[in-house]
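**Q** Right, I'll just put the structure down here and ask away after.
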2 protein chains.
Amino acid sequence: MIKDLAAASDGPVTVAGWVETVRDQKKVQFVVLRDETGAVQLVNPRNVDAEGVVIADEPATTISGLSQGSFVTATGELKHDERVKLGGIEIKLSSLTVATAAIPETPIAGDSGIDKRMDWRFLDLREPKNNLIFRIQTTFEHALREYWVSNDFIEIHTPKLMASPSESRAELFEVEYFDRTAYLSQSPQFFKQMAQSAGFGKIFEIGPAFRADPSFTSRHATEFTSVDTELSWIDSHEDVMTLHENLIVAGFTAVKEKHGEQIKELFDVEVVVPSTPFPRIPLAEAKRIVAERGYEVPRHDDDMDPEGERQISAYVKEEFGHEFVFLTDYASSIRPFYHMRHADDASLTNSYDLIFNGVEISTGAQREHRVEILEEQAREKGLEPEELDFYLDFFRYGVPPHGGFGMGLARVLMLMLHLSNLRETTYLFRGPTRLLP
Amino acid sequence: MIKDLAAASDGPVTVAGWVETVRDQKKVQFVVLRDETGAVQLVNPRNVDAEGVVIADEPATTISGLSQGSFVTATGELKHDERVKLGGIEIKLSSLTVATAAIPETPIAGDSGIDKRMDWRFLDLREPKNNLIFRIQTTFEHALREYWVSNDFIEIHTPKLMASPSESRAELFEVEYFDRTAYLSQSPQFFKQMAQSAGFGKIFEIGPAFRADPSFTSRHATEFTSVDTELSWIDSHEDVMTLHENLIVAGFTAVKEKHGEQIKELFDVEVVVPSTPFPRIPLAEAKRIVAERGYEVPRHDDDMDPEGERQISAYVKEEFGHEFVFLTDYASSIRPFYHMRHADDASLTNSYDLIFNGVEISTGAQREHRVEILEEQAREKGLEPEELDFYLDFFRYGVPPHGGFGMGLARVLMLMLHLSNLRETTYLFRGPTRLLP
């Protein structure tokens, strides 16, 4: 790998990657070769004949014909030389073999718009910044799984094909399923809860979720990767928040350790491992704080809005120096039927949203596990009890008190790296008008 | 957790779980309480009044009303006593609180058929054997990911919503996607390959795949969890098989270490960590070997059939004492267009199937990366080049030689545990007539 060259001693080496640039000069040719770990300069001084005329020999002829993006294997002599700007090393070529020649025109450039870049995502992802994003994602996810596995959570893969909606009739994709209709899972909610009734105790899943959301914002996608976990025998949503904090800390610690320097270099962002406990603010209080800062949330329901989330985040950053805040105790009116309500005030739920750098990344809650109350709440929200019957059965046959959260993976990455669009941190974005590539 | 009680000293404890059995006798009550880690006996000697008549006090009354499957919290005195069959411990109850009472009738029993059990999967999964299956799966997957991550593979989440089929027009689910039609991904094939063109080098994904397969066999599902990996700069499918072996060994080593004893106890199966290299047999030779054993594969094409796979597996077990075998060099006629063909014999591909205990669990191959040949092979298979255009672009702009495999997770578990039905090792099975729960 190219990253290993700096530590290697001078001598013969073979590297492989794609051509980033070619400078085909009269006396010497330069190629910048990149692989997923870095870039290196290849140099080929041209040979001249007795009269001083340049000879069309190899690899000179191949280099002259090289198009940007072609994948090649290069063999030559590694030489450390402080004068070489690119890492202080270069490779004096002895041979160069083209694995695949790229067609010469390059459809995107550094200043291409996001949609154009998404059209050519496979080229866009060759950018070192974009490659790094998915290495960070890998590290982050793995750290979460390490935490779960070492704490005896079971990994589950819930079905994405369902007989009924999991969240609501709105934003639902329909699938032709033999002679009937199936629906794409909007969340693993029901099946995470089923695991509690099944006595699994603690579970996790990282997988796709689907929302037929027709909006074109920078934060919504029709398909996204959802980070989900659920655990039994909790006393309240406080236990879920504690787990949530621990997972975030595990993920951020691993990312900072493995990629902190590169993130600083390529994104100019200092990754901060958050301290625990994260600040917790009941939603009603958060709205008062935001109002005191001069922002009245322009909504008729009890919810926050994006600007309100930015404001409370700014407040928490100023007051507590923290990038995260749990907004707790959302109103029952704006939460799903399966959120447990306060024992002494049914207008509030044992739930929270986690806000990171001004944007909501997750919703968590204690779930209502008493089937009579659950049925009542479902009816109140206008859901059809028949469609929910299979779900209600989980509770009829016994289930412990439990709770959990779902978190958008691409959102965490977007906010961690101070990016403004989910498309940047999604491998292949899906939106109302985007199914390609 | 109940598993921790054996090592705890006698004294006050609190445990939580579900009621497995109740024996409500005149002088003493017994409850077997289970959680995800084990089972323990709770005992409650009944109190009598001065006349020797049993008093209806607590927790006696609660115990008398307990239904099987109810989730409860129990507090009492732990006592080690060798005479107690269940682990040599019992808890003398001081209090018992019901979290959720289960409805009394139990819809499934030990001898219920598989379809009935699937109807009540959440109860079925309370069986210790079934709980263990998903702990094994967790360990297996995590060991694979440990291998990938420590070898610098990038984890990707490819979209499951596609504009065109990824494998074939057959067995394809259609999704109403706003004003058009989308398809559910049959495999992450195209997008794994895209990562190679994007210079990711080495990638992996564990995620759902969908096949509108109308068959009702014990080995097919309409939705399954696919284990996928792809890597660049390979010389042939041999490099893919080496990676494949290493992953299988990592997975089996972890499973044997963590669950070997329990698997022996509950499934009567000795997990064997396979030695490397796994035997490799070209398909044509495998068919000759099987014929010599008296089985002529009754197919007109060049493929194996399930009985042929069992036969070659039996041969390999007898000859090499190995549970795995790579069948290599499948005919081009029965392989997808994207498999690379032999340089000296276009009728054969650089591909393999991995057979484990008589059943195919995986297909791997070197991919064709030369776009002219790839286009030609697609046309030859009757595919429409326009639909593939976005995919062919990955190759037009340069891609290194690469290959990979896809493996069915539930199949590996099924064969590891000597089970005969995929439904046993799938959290929630999906088939042509099954979308519930």
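Don't overthink the numbers, they just go from 1 along the chain as shown.
Backbone N, Cα and C define each Cβ position, glycine as well.
Straight from TrEMBL, here's the annotation block:
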type	residues	note
BINDING	A:E167, A:R211, A:T363, A:R367	L-aspartate binding site
BINDING	A:E360, A:G408, A:L409, A:A410, A:R411	ATP binding site
DOMAIN	A:134-437	domain 'Aminoacyl-transfer RNA synthetases class-II family profile'
REGION	A:189-192	region 'Aspartate'
**Q** Taking the residues A:E360, A:G408, A:L409, A:A410, A:R411, which the record names as binding ATP, find the longest CA to CA distance and state it in Å to the nearest whole number.
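**A** Spelled out: the longest distance between any two Cα atoms in A:E360, A:G408, A:L409, A:A410, A:R411 is 12 Å.
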**Q** For the region 'Aspartate' (A:189-192), give me same-chain residues lying six or more residues beyond its boundaries with a C-beta closer than 8 angstroms to one of its C-beta atoms, as numbers and ranges.
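**A** For the region 'Aspartate' (A:189-192), the nonlocal Cβ contacts are 156, 158-159, 162, 166-167, 203, 205, 228-230, 336, 338, 391, 394, 404, 406.
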**Q** Long-range neighbours only, meaning 6 or more apart in sequence with Cβ under 8 Å: which ones does A:R367 (L-aspartate binding site) have?
**A** A:Q193, A:Y338, A:H339, A:M340, A:H402, A:G403, A:G404
**Q** Going by Cα-Cα distance, pick out whichever of the binding-site residues A:E360, A:G408, A:L409, A:A410, A:R411 is nearest to A:R211 (L-aspartate binding site).
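**A** Checking each of A:E360, A:G408, A:L409, A:A410, A:R411 against A:R211 (L-aspartate binding site), the shortest Cα distance is to A:G408.
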**Q** In the same chain, outside A:E360, A:G408, A:L409, A:A410, A:R411, whose C-beta lies within 8 angstroms of the Cβ mean position for the ATP site?
**A** A:R219, A:F224, A:I361, A:S362, A:M407, A:V412, A:L413, A:M414, A:L422
**Q** I'd like the number of other C-beta atoms within 10 A of the C-beta of A:R411 (ATP binding site), please.
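**A** The answer is 22 other Cβ atoms.
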**Q** Please state how far apart, in Å and to a whole number, the two most distant Cα atoms are among A:E167, A:R211, A:T363, A:R367, the recorded L-aspartate-binding residues.
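**A** If we measure all Cα pairs in A:E167, A:R211, A:T363, A:R367, the largest is 22 Å.
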**Q** With DSSP assignments reduced to helix, strand and coil, which class does A:A410 (ATP binding site) get?
**A** helix
**Q** With an 8 Å cut-off on Cβ-Cβ distance and a minimum sequence separation of at least 6, pull the same-chain contacts of A:G408 (ATP binding site), or say none.
**A** A:F224, A:T225, A:S226, A:V227, A:I361, A:S362
**Q** Could you say which of the binding-site residues A:E360, A:T363, A:A410 has its Cβ with the most other Cβ atoms inside 10 Å?
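**A** Within the set of binding-site residues, the most crowded position is A:A410.
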**Q** Which residue, of the binding-site residues A:E167, A:R211, A:L409, has its CB surrounded by the fewest other CB atoms within 10 A?
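**A** Output over binding-site residues A:E167, A:R211, A:L409: least Cβ neighbours within 10 Å is A:E167.
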